[in-house]
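Colleague: Sharing the record's features from TrEMBL:
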- A:401-410: compositional bias 'Polar residues' (COMPBIAS)
- A:391-410: region 'Disordered' (REGION)
- A:12-29: transmembrane segment (TRANSMEM)
- A:50-69: transmembrane segment (TRANSMEM)
- A:75-92: transmembrane segment (TRANSMEM)
- A:143-163: transmembrane segment (TRANSMEM)
- A:170-188: transmembrane segment (TRANSMEM)
- A:220-240: transmembrane segment (TRANSMEM)
- A:267-287: transmembrane segment (TRANSMEM)
- A:293-312: transmembrane segment (TRANSMEM)
- A:319-336: transmembrane segment (TRANSMEM)
- A:356-373: transmembrane segment (TRANSMEM)
């Protein structure tokens with residue numbers, strides 16, 4: 001008899017357990033519960049980190065399991081944020097506008113309300129008309145659908161074009177990077193309809209929740225992020241555990257062989273690409289209400305590359321690796337760039353971490369790639385005694401990956 | 001006795017000086033027109049000015065200038081004209097206008113200052129132009145021409161025509177003749193002369209011509225009741241409701257001519273309603289119901305009927321008014337023949353301008369292409385030949401640019417510093433490239449995706465290092481003076497020398513690359529290692545060494561490109577990352593592993609970007625977006641680039 005899903009994947013239960021403990025612990029220490037150990041701003045940072053862990057899982061699925069180094073997933077993340085941000089901004093501005101117009105002697109017409117909202121939102125880019133893409137912004141449900149639909153559709157179309165023409169490897173990476181750049185440049189324009197480089201702001205204020213303190217709202221978002229992360233982890237683990245997982249790992253290791261075995265490689269790739277794009281978008285939709293502001297700089301290619309960095313440092317090809325990497329690096333990054341890390345005086349020069357953190361990150365990234373390709377997650381292998389053979393020296397055979405000199409000597 | 005003699009002498013001298021003053025021909029001329037000059041009226045003064053202007057006396061210009069500047073004085077005793085010099089607050093020394101000799105000191109009250117009014121002064125100014133046009137100094141003549149061109153007037157036309165015959169300098173003569181034609185367009189006496197002048201400018205690219213012609217074809221929108229009026233130079237009949245002329249515009253025109261009742265805007269109506277609220281009702285409509293436009297219109301009409309607000313036109317009235325009027329565009333210029341000739345000439349000019357703009361755009365595109373080519377040629381070696389993705393390539397470009405900046409801090413002479421900076425930038429980035437290849441890349445040859453990530457790590461470290469060393473603000477890399485300015489072919493086509501220099505540099509690089517790859521031992525070995533490293537190794541080539549040198553070469557070229565790019569863009573730590581995606585695009589679109597492909601790719605991207613910018617000139621961001629989308633689609637059809645390698649060299 002086949003063992004159950006959880007029995008085959010013990011790490012899932014361990015992860016869910018850890019996440020639940022973490023969530024309960026943080027909740028107990030949060031400001032909203034009156035204990036005040038964790039400030040609201042740090043609670044937000046933790047909530048955002050959970051969202052980053054979720055997008056890292058998506059990245060791990062596409063890169064660590066399917067072998068596609070996408071440098072565009074933060075674009076889907078940002079798009080998700082934009083979609084939810086549109087509703088947040090519209091609904092909140094509507095409330096403000098309606099409240100201010102209620103004092104007028106003559107009740108406003110529906111058109112006047114919409115015009116006033118438009119002036120409020122787009123005044124900053126010198127416009128007052130609602131662009132077409134805001135057509136659904138007045139409905140939370142429709143806009144939440146768009147959170148999934150817009151990035152999903154973009155990923156579907158882009159992936160279909162790219163995989164169909166058999167663009168693989170580094171070419172695909174560059175192509176996804178180009179897509180991200182194109183999107184970011186487009187959003188930077190003032191007439192893109194999404195407020196140009198001002199982006200959408202004030203997203204931390206939920207419409208109609210002015211009476212509820214931020215501490216409480218942050219906690220809700222923290223719970224939602226934790227729940228989404230747990231669900232996302234479960235989904236990803238389920239996807240990679242069965243036959244489907246075997247096929248996409250096969251594609252990663254030798255695409256041509258899988259194709260000759262009769263699998264529709266393009267279909268599998270497209271599915272994983274779109275699925276991960278949707279996961280990224282959901283993560284983004286949870287992230288930006290906690291961050292409060294989104295602008296096109298968040299979509300710049302560099303963000304997607306950082307995502308790859310997190311996954312690589314955490315250890316790709318294992319889901320908990322991605323989570324560890326994203327949490328570890330992003331929290332460390334917040335610590336260093338926030339000016340909390342102590343400076344190191346060298347006598348002739350003082351190392352100020354705000355300036356040198358990027359250098360440290362870059363170098364440690366090179367070191368991880370060179371010496372610890374398994375990343376932090378590789379430590380788990382050491383603990384469990386799963387050590388891969390030490391392979392040094394030149395290849396003996398004609399292909400890479402064949403038996404190597406020092407292995408043969410043993 | 002002595003006193004007597006002195007007095008006699010003084011009297012004699014006065015007589016002599018008076019006689020001399022009276023004798024000079026210019027004084028005689030002034031005396032002849034004395035009455036007119038004293039009267040100093042714009043209507044009558046012209047003969048006096050003309051006489052002075054046409055007198056041919058060398059002093060005439062000075063007299064006119066002084067007169068215009070209110071520096072010409074008249075002695076009351078004998079009505080003679082003098083220049084003066086101030087002695088003290090009460091006394092002035094008179095100077096003879098012909099000789100400039102002193103003619104005694106007089107108290108102010110015995111003198112009269114001529115104070116021509118502004119009308120007279122401008123007439124004098126016009127007369128003076130002729131003197132300037134004939135001045136000995138060519139610079140003065142050009143100055144006068146510039147002045148006329150800035151502020152053309154009918155009276156200049158005569159002066160200018162008169163000044164052509166005696167002109168010796170052929171360039172200035174050409175300019176004068178051109179200016180005469182230009183002035184004739186606006187101020188010619190007969191219609192034929194004006195039309196001839198207009199037609200003589202067919203195909204002329206000068207901005208001044210368009211400046212002179214455009215007012216002729218300027219139109220204004222007019223309206224008439226019933227039928228089109230006779231005797232008006234009509235450009236076009238307008239139909240209300242067409243795209244160029246909406247009904248609202250038509251009605252606004254009628255309103256602006258006070259022909260109909262004005263409409264009322266939604267905001268005004270709202271304000272009017274607000275003022276007339278009585279017992280929570282407006283015009284019989286409850287206030288709470290006023291949340292639709294229809295209800296508001298109803299309420300407003302009720303108010304208008306009660307006479308509380310001014311009446312506003314209803315939709316039916318608007319339609320009726322529009323039907324009752326004809327709308328047309330009228331030329332300000334009354335003569336149809338002239339507007340027709342002007343339109344003809346303008347359209348021929350526009351064709352020429354369009355053609356020249358196309359040439360200009362082509363030149364722009366070529367220079368952009370050469371910049372992309374320069375940025376990408378290093379990548380064409382590391383990525384194209386070796387298959388190594390170097391994300392730090394952009395940072396090598398940045399390092400080259402900063403090297404140029406540092407060299408300029410040490411060597412102040414810009415020409416020398418550029419000559420030093422180019423090889424130094426090559427050396428610095430070559431060393432950096434070799435170090436990177438030895439330390440990082442050679443361990444990752446079989447793992448291209450990890451090379452991408454590792455070099456990216458180096459890229460962010462280098463970028464931050466540059467920020468720490470040089471700060472975040474942009475550093476200038478100044479080009480030598482001989483690269484300043486632009487090569488101007490005509491008023492439309494021009495290209496800056498620095499872009500020409502970059503273009504030439506790109507060509508040189510192409511040549512150097514081809515020479516190294518095809519004619520040197522290194523190139524042979526590089527090609528061998530690229531095609532089959534193991535076979536090359538068994539032939540006695542050391543692949544490690546070749547890889548190192550190839551990578552160093554590609555990086556070194558990036559450094560030189562950095563100096564070139566830094567010359568026209570500001571040097572910042574983000575300089576490289578601005579180019580990295582485009583550079584990869586260039587290599588991928590062109591076809592990996594082929595320098596001609598890179599050249600084609602750079603040209604395609606350069607031309608494409610300029611083309612899109614031309615279609616949507618306000619928005620370079622959109623141009624880049626559309627270009628990238630185009631490239632993504634292009635890759636669909638030629639996944640291996642424009643020039644795809646075939647056979648074994650193609651690799652996977």
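Along the chain as shown, residues are numbered 1 onward.
Using the three backbone atoms N, Cα and C, a Cβ is placed for every residue, glycine included.
Unlike curated entries, TrEMBL annotations are predicted automatically.
Just tell me what is around each of these and how deep it sits.
Modeller: Residues 77, 169-170, 172-173, 222, 225-226, 228-229, 232-233, 236, 239-240, 245, 248-249, 251-253, 255, 268-269, 272-273, 275-277, 279-280, 282-284, 286-287, 290, 307-308, 310-311, 314, 316-319, 321-323, 325-327, 330 of the same chain, all 6+ positions outside the transmembrane segment (A:50-69), place their C-beta atoms under 8 angstroms from a C-beta of that stretch.
Within its own chain, the transmembrane segment (A:75-92) is flanked in space by residues 55, 117, 121, 133-134, 137-140, 143-144, 146-147, 150-151, 154-155, 179-180, 183-184, 187, 194, 200-203, 205-208, 276-278, 280-285, 287-289, 291, 294, 296, 298-299, 303-304, which lie at least six positions past its ends and keep a Cβ under 8 Å from the stretch.
Among residues of the same chain six or more beyond the transmembrane segment (A:143-163), those with a C-beta under 8 A of the stretch's C-beta atoms are 72, 75-76, 79-80, 83-84, 86-87, 136-137, 172, 175-176, 179, 265-266, 269-270, 273-274, 276-278, 280-282, 285.
For the transmembrane segment (A:220-240), the list of distant contacts is 5, 9, 11-12, 15-16, 19-20, 22-23, 26-27, 30, 43-44, 46-48, 50-51, 53-54, 57-58, 60-61, 65, 248-249, 272, 275, 279, 282-283, 286-287, 289-290, 319, 323: same-chain residues at least six beyond its ends, Cβ to Cβ under 8 Å.
Sequence-remote contacts of a segment are chain residues at least 6 beyond its ends whose Cβ falls under 8 Å from one of its Cβ atoms, and for the transmembrane segment (A:293-312) they are 52, 55-56, 59-60, 63-64, 69-75, 77-79, 81-82, 85, 176-177, 180-181, 183-185, 187-188, 196-203, 321-322, 325-326, 328-330, 361, 365, 368-369, 375.
Non-local neighbours of the transmembrane segment (A:319-336) in the same chain are 11, 15, 45, 49, 52-53, 55-57, 59-61, 64, 229, 233, 236-237, 240, 307, 309-313, 353-354, 357, 360-361, 374-377, 380; each lies 6+ residues outside the stretch with a CB under 8 Å from one of its CB atoms.
Remote same-chain residues near the transmembrane segment (A:356-373) are listed as 309, 312-313, 329, 333, 336-337, 341 (criterion: CB distance under 8 Å, separation of at least six residues from the stretch ends).
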